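Below is one structure, written out as structure tokens; the observations come after it.
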Amino acid sequence: MARGTKRAPPARTRQRGTTSETKVRAKRARIAPIARHQEDEDEDERARDAQAMAGDGDDDLAALQFLSRTTLPDVAQAGAQEKAKERMLAEKRRQREELNALRPVAQSDSEASTDMEGASESEEEEQEEEEELEDLDDDDDVEDDDDDYEERYLHMAARRERREAAARELRAQQPLPIRTENGIVAVSDDDMPEPHSRAVYSDDDDNESDEAPTTSAPYTPSSAAHSRRFGLAPPYELATGALSPQAALRTRALTEAREQIAHLASQIVSDPEMGTASLQRLLVFAQAKVAPPPGDQGSAVRMHPHIRQLALLSLLAVWVDVIPGYRIRALSEQEQKERVSQEVARRRDWEQSLVRLYRDYLECCEAEVRDTASPLSRVALRCFCTLLVRVPHFNYRKNLLASVIAHLSRKSWTPASEQCASSLIQLLGKDADGEIALELVQLLYRMIRERKFAVHANVLDVLVHLRLRSELRRDVKSGPMGTAHARPPPRRRVDPKQVRQGLAVHRSKKQVKKDRELQAIEQEMREADAALDVEERERNQSETLKLLFALYFRVLKSEVPLPLLASALEGLVHYAHHVSVDFFRDVVGVLRTRLTEALDARSYRAALLCMVAALALQHGQGGALELDLGDMYAALYTVLLPLSTSGLLEEGDVPKRGHIAGLRRWSEASMLFYAMDMALVQAPRATLQVSLERTAALVRRLLGAALHWPTTSALRALELAQAILARTATIEARFEALLDNRDAVQDGQYDPLATQPESARALASGEPCWELCLLSRTHANAQVRETATALLHWTR
């Protein structure tokens, strides 16, 4: 079709009725404002493109002012649409001719080729627009003209959205400015992405300036740990100032460091997930040396000990506050490849950063703990102990245990050793499943064996605080949950008066039935969880007991100092109810050997320790195992004679009744009375009936020794003798002959210096206890005399 020629309307359009024409005109009148607005926007966009292609010159802009005067006719008038199309095409031709005239002549082949491409693209646009106009002209012959205008409007709106999306993508590709120590460095034009516009850019001399080119400073990488951010001085600068010979500069640097440490700690605690950079910067203050910032040619500077101490303690408080209540594990390869939400990914990054910085902190403290000459050794050890007690569930617990136990391997016992032992005791008190106790016993067993038992006795005292005695009680073992955990069944009916008062809620039968089913399900789940917990505790307890008794047994069989032997014996007595029958026989055999060696060496304190341990072990079995401990009774009879003249009898602690804690600090008198009480008062009746002569000989020698003892020991001896007489006289009436021999049958003579109690003939001789008569008459203390007199007149 020739350009600018009108096409005659088809015949079916001319024959259209008056009603149809009126309807179409009304629809066009409604759509005309929408089409006019769309065409105005298209013309404005074309004007902007033309201005961009024409350049930035003032003359070119003045020549293009005709674009603002472009107007569109009213398409609602009859016959105006064809005229508007002709005027639009003519106007576009004139605009294109003027643009070609204003376009500068190409200076190179590349520019000429670019202009040719622009011209070809302009011709293609012209052809596409003519085709669109022809399509619109053909669509005007359709009966539903309003639908065509709506489709046209939607099509143009979609094109506009695509152009806006392309512009947004172009802006998104622009890199952000870079923050450095010198401020913000803007992005150069070379880094800007190439635009996707069809406008031709020429290399004119307009962009050139007479000013000399400026060169920016070289870029140096920075980090949050060394930069001067948010007005805070870099750690390297503060470390340098703290070591300055000028007192004013040192004071100012120390003050700024203290304030910055407090500021960083408060920032981390307020928002832990966003405080990773602050945590890393705070960790720099705790390091022994601070490296210079990136780009600085200086050397590393030693951090002032006062600043390091503040940083270590501040980090300790931060770790206690921000460490989560669970253990963070490393992600597997499969988990790292999985796609997760943004929140989960952010949480994982924070957790991994937290573990990494926590490990760096522990390594820093460990270096100070190993260096005994360091002034921060005590502070670092305190940090270890606090973390071990406050966050035992978190990562690197075994490393903390190993460091603390390694400090206990020294022979000397210092306040730092006491701090470590106290932290281990507190840690064992919080152990619920036995896992911590198992790790502790494993590390102690390995350390003591490597040291060949050359450790302090207080190390073994820590093991007495294991939760092996009360971990699995009978009420817990009776059922999966135990009787104490059973919930009372809820009452089905409630008091109507309470319902009216708002103190209770009325429930229907269906609700009661549903609640009962839910409670049954919850009870089953609790029982299943409790059964698993009990099984895990039993397994950990079994392994712990094996290592514990193996350690004690090795100490008994080795040549160790007496305090260490006493600690091992105390541990055996403490866990006597867990000792198996086979192990009990082996332990008693070792104790007999050591008892014989102690008596031969006249080490009566060691002999008393062995006797106390053997008798307490038998008592801890609860009568389940009957062994003949006659050699222990004979040893008691033997040591009574030399102890009667001992001047160190009462030197030591007096234990609480029924407790054996601190056995190695007991006095000899306390151990003697404890052993005789276990052997003659709390022993089973069958044991007492074996030999009444042995019991009578022990009572006679005890009263004879009381003649030489101080008042306290003499009173305890009289109380013990009365308890023995009261217990034994109920078994054998002949035992009363020790107090009244008027009806006694005499068979032989009493031998007070006999080596064995059975050969002393204390009961067969029929002689009364003349030692008791002397105590009631000649002792210097009145209370002793009264007690002895009361015992002489004692009757059943």
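Cβ coordinates are placed from backbone N, Cα and C, and glycine is handled just like the others.
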Candidate ranges 476-510, 511-545 [criterion: TrEMBL lists as coiled coil]: 511-545
Mean of the pLDDT scores, which run from 0 to 100, over the coiled coil (511-545): 78
Number of helical, extended and coil residues in the compositional bias 'Basic and acidic residues' (151-171), per DSSP: 21 helix, 0 strand, 0 coil
